[in-house]
Amino acid sequence: MSTQIPKQTEESSETEAETQPASKGEERRAEKRRRAAERREQRQEEEAEKAAADESTVELKVFRYDPQVEGKQEPRFDTFHVPFTKGMTVLDALMYARDTYDSSLTFRHSCRQAVCGSDAMFVNGGQKLACKTQISDLDEPVRVEPLPHAEVTKDLVVDMEHFYDQMEAVEPYFQTNEYPDGELEEQRQDRENREKIKMSTRCIWCGACMSSCNIAAGDNEYLGPAAINKAYRFAMDEREGEDIKQKRLEIIEQEHGVWRCQTQFSCTEVCPKDIPLTEHIQELKREAVKNNLKFW
Amino acid sequence: MSQSYNRGLIEDFGRWREFEAGMWAWIFHKFTGWVLIGYLFTHIAVLSTGIPAAGAGEAAIAAGNDVYTQTIVSLEGLLLVRLLEVGLLAVAVFHMLNGTRLLLTDLGIGLEAQDKSFYASLILTGAITVASVPTFIAGAF
Amino acid sequence: MAERYSSFQSGGRMWFLQRVTAVFLLVVLAFHFFLLHFVHHADEVSFLASSARMEQLSYYSLMILFLVTATFHGVNGVYNALVNQGLTGTKRTVIKWTLVAASVVLIAQGIRTANAWAGIGLY
């Protein structure tokens, strides 16, 4: 089992240079579209000016990049003034900015309640889950960037492929060779063991930890905190049995497994679900050493 | 045209103001480690003057006229060397204290207090260094 | 069987050795500093004094062990730092063996020096 190097995206998209309208009708329609766009732009500008003058607005500086739009191929920051409402999160503010000022502003979000793990971003220099980060807790202007140490696909959207590959590498699913006697019997876990793995089960695959990890940034093959935590969740689950645990230890013990961790605690600091990642990695290291000393 | 944008080291050095205790501990530990291994090589190189000195003859050695004694005495006579030695002590003490912190972390002890133990090692390093200055500087003037 | 079970995977063995040497070095480095800066002072160094210490077998063997563990701990630390920065392939192999060679030279030179003081003929 080895960790994987992310596949290079090979598709290339050549955006065609301006297509010439063929007929008069099309020309007219294009002109109409252009005017509508102008009006929309003007309206958005007015909105923005009004908001900027208003005192109870939040200033957002958002990273913009789009390889397919000329003028956005060089990354830049756009400023949005969003009216502040009590309880507003960074995600709320971004959605307001997108819906009101610029519909091309792109970011991932889904459940909006810190469960789906799709909106991890780099907010004011830290990896945060946008939907659970209160604007009122942040200094202004709020700087929103895509997760560092990942390729940016567009605006705040990064390529998560490598992260998912690392998660897959630890076989993140329950396996066992020890089945209960009765065919319909449940595979029960005692309370104590459940408590032990409780925190590790909370991972939402947001990738904040991986992005914060300085070692994962340098060593592309390093499994990373999330994947190791996933391995912990199953290696410590007593229902899997001793033979599966050995297999799991072999995976995390590879050169680019747990040994790469330098206990910087960055992952533990940024984890939006408060998983004690460093603690879990350290416990696996000890487990691996003990396991090896046993046979030494 | 590239389909995605690699921001490279954007956060690694650019955001040092936002680094947390654990990150600083790592940076300092690494830096002091480099200094110490560098010093180890220098140290052995300087001490190697003991090899030719051994052949100097008993009278010269007894009088302190051998290469080794002369080299060390003249080096230790320089204030700069003394100050560098204080720096070396600070570096070594920090590496040892933070190293202890890391060993405890490896044993799973005190992970919740890792930031406090880092600050404690910094303060203790400062205190030990300051307290050692008189001993280290003694006889340099 | 022995092959399969007894050996640490390379990462784990080195990680463990780095910790073991760390514990040893903590004690011995503290002793070293204390002895040579607080008990004996920096401006009192002489060939005679160094030689008197080295002639004791216990001190001599402690210092040799000190040299070997310190070299391992330091060079392995440097190597780890480089690997963590993403050093791979041929470059990594070259650097690895350069570091090994440097360590061997350092240890050999250190032992020669210690022998010179201890009055052991081999230097």
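Numbering starts at 1 and runs along the chain as displayed.
Keep in mind that glycine also has a Cβ here, set from the backbone N, Cα and C atoms.
Annotated region 'Disordered' per TrEMBL: A:1-56, in sequence order.
Nonlocal intrachain contacts for the compositional bias 'Basic and acidic residues' (A:38-53), taken as residues 6+ away from its ends with a CB within less than 8 angstroms of a stretch CB, comprise 80-83, 100-102. Taken from TrEMBL, the feature compositional bias 'Basic and acidic residues' covers A:38-53.
Annotated domain 'Succinate dehydogenase/fumarate reductase N-terminal' per TrEMBL: A:60-164, in sequence order. Note on the domain 'Succinate dehydogenase/fumarate reductase N-terminal' (A:60-164): mean pLDDT across this stretch is 93.
Taken from TrEMBL, the feature domain '4Fe-4S ferredoxin-type' covers A:201-275.
DSSP assignment over the domain 'Succinate dehydogenase/fumarate reductase N-terminal' (A:60-164) gives 21 helix, 33 strand, 51 coil.
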